[in-house]
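Lifted from Swiss-Prot, the feature list:
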TRANSMEM  9-29  transmembrane segment
TRANSMEM  36-56  transmembrane segment
TRANSMEM  85-105  transmembrane segment
TRANSMEM  108-128  transmembrane segment
TRANSMEM  135-155  transmembrane segment
TRANSMEM  163-183  transmembrane segment
TRANSMEM  209-229  transmembrane segment
TRANSMEM  230-250  transmembrane segment
TRANSMEM  263-283  transmembrane segment
Amino acid sequence: MSLKHFIQITKPGIIFGNVLSVAGGFFLASKGHVDLAIFLAAMIGTSLVVASGCVFNNCIDRDIDLKMERTKNRVLVQGLISLEVALVYASILGVAGVALLYYVANPLAALFAVIGFVIYVGFYSLYLKRKSVHGTLVGSLSGAMPPVIGYVAVSNSFDMAALTLLVMFSLWQMPHSYAIAIFRFNDYLAASIPVLPVKRGIRVAKKHILLYILAFLVATLMLTFSGYAGMSYLAVAAAMGMYWLYMAWTGYKAVDDTVWARKLFVFSIFTITALSVMMSVDFKAPTELLLTYAH
């Protein structure tokens, strides 16, 4: 049991991805007026809650992880940290994260963190991941909470921009997750996890991927059409979304589904990273918003 093991079970890669989206939502709402204390609270608080969820997920998934090539060497599977210690660790992380959001940002930010946590740990990890083909859809809501937390930490209200972020990031999760399930197909099959590609076949999953990316593309453009983001954001969102859609379409002619799915997965990360960056720098200032609505 070492510091390295405690870091590993929080899934740092997932935390990093979520932190980027928190920043995107935060700067979109800040419109150039940054409160450093709230920014740090949103970033650190969300990171702690996400880390807590990941540790709880590791605790819950020990039996599944043992059956999957990708996860069979995880810390808890190998017994490098005891279950009891991991549960206490996860609880401390979660409480600390929610408290930081509640007291330094605002209760609304803390509420969305709790909602995301409950969906991920309670609904997805404990039950739906193992029992339902719709587990990915429900789980996608938890993955969409970080940008919303970042946004409401500043705005202290759930407005159209926050709703758009929720829809955008939920829709993004679906093709992203299905791509993983395709190139890790044998792992999911071995662990009897009823993800769409395993349960209904890869061809059906390809159709769903195409439709979700199309819906995602439309949702991303709404930030500009609703007056929250600028034209540079729109250009990047349209270009990235359309190319991702094209990549999905090529899946119907793919010679190797594993190679295709891995490329789709990698580009999904580039896409959501680019959009998080663009909404951070190409927001509409309050005066610009007034002009937008005046017209």
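Placed from the backbone N, Cα and C atoms, the Cβ positions cover glycine too.
Two recorded stretches are said to be in contact when at least 3 C-beta pairs lie under 8 angstroms, sequence spacing 6 or more; the transmembrane segment (36-56) and the transmembrane segment (108-128) meet this definition. Counting same-chain residues at least six beyond the ends of the transmembrane segment (263-283), those with a Cβ under 8 angstroms from any Cβ of the stretch are 17, 20-21, 23-28, 30-32, 147, 168-169, 172, 175-176, 179-180, 183, 209, 220, 223, 228-233, 236-237, 240-241, 243-244, 247-248, 251.
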